[in-house]
């Protein structure tokens, strides 16, 4: 029998497993080891847990590179303003017990007492969100595959490159904060989670953006709104469970995601303004392919359907649902309202409209 991970309650199998009811003191992984599982782990060590799509690369016509080069000044004036100066940014330590304080142990004890009230299923969602945030190296790599906007040197002064680096730096705080919080609760198997993060970063992601910034920025617009919704819902649930500090943590992360969403949607808005036909084709393409979640290749060495199982829990708790996916598409289409709809133009563009 192939290895599987048993989760109680409800028999779901994310990278952590419930032990007991709502107030269980510990949430640990329960793996049923077998020779088959060893083969799976060996096979998957440096490969995604599932097959990715046929890879299409550099689909943007070369002449459109000039559009993004010409927009560098626009990006400097309209994109970078959605970043915060480092000195004005919150940091994870602002929301965690201070290890240099004499009251550190008492603060940790208080945090753990609050965490006892959190149901296992909610922790599954929180862990899934944290693992997704911790795969940030993959997302910066994805942005730097996009033709015309990538950071060509690692320290390029272009506005596009500055944005990517600074966006990554802001996002980095999210995984750090959730990771430390979950570690301090004592409710989860951190080693299993750390393995899952390593597997996920090693697997990469398959957003099907084809090195094409039209597709890439539509993808990031969707994902930033999705994470805003997900973290916002975890904040609401944390408040319901009586953990106001955790609600504050999830809420402050959600506010960052909302700010980043505004920036990415503004890029696509600009593309609709200067190249409506090309942009509507890109939007239709991404909608047809469907937006893959960033952590869709999540794997813990055993469960090849780990992300599906995490998604089931998130759906059941209302943290992120199929309805949210549809609402995001509706919101973005409404936000971008194609200004050229109804006019004469290329057949492909009209068909996509």
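Just so you know, glycine gets a Cβ as well, placed from its N, Cα and C.
The Fe cation 1 binding site annotation in TrEMBL covers 133, 171, 174, 257. Summarising the annotation, TrEMBL assigns Fe cation 2 binding site to 171, 224, 257, 260. Positions annotated as region 'Disordered' by TrEMBL: 1-20.
Residue 133 (Fe cation 1 binding site) falls within a helix when secondary structure is assigned with DSSP. Other Cβ atoms within 10 Å of the Cβ of residue 260 (Fe cation 2 binding site) number 23 in total over all chains. A simple way to gauge crowding: the CB of residue 257 (Fe cation 1 binding site) has 23 other CB atoms within 10 angstroms, across all the protein chains here.
Those residues of the chain, other than 133, 171, 174, 257, with a C-beta within 8 angstroms of the mean position of the Fe cation 1 site C-beta atoms are 136, 170, 172, 173, 175, 227, 231, 253, 256. Local packing around the binding-site residues 171, 174 was summarised as the count of other Cβ atoms within 10 Å of each Cβ; on this measure the leading residue is 174.
Other than the site residues 171, 224, 257, 260, same-chain residues with C-beta atoms no more than 8 angstroms from the centre of those residues' C-beta atoms, the Fe cation 2 site, are 167, 170, 223, 227, 228, 256, 258, 259, 261.
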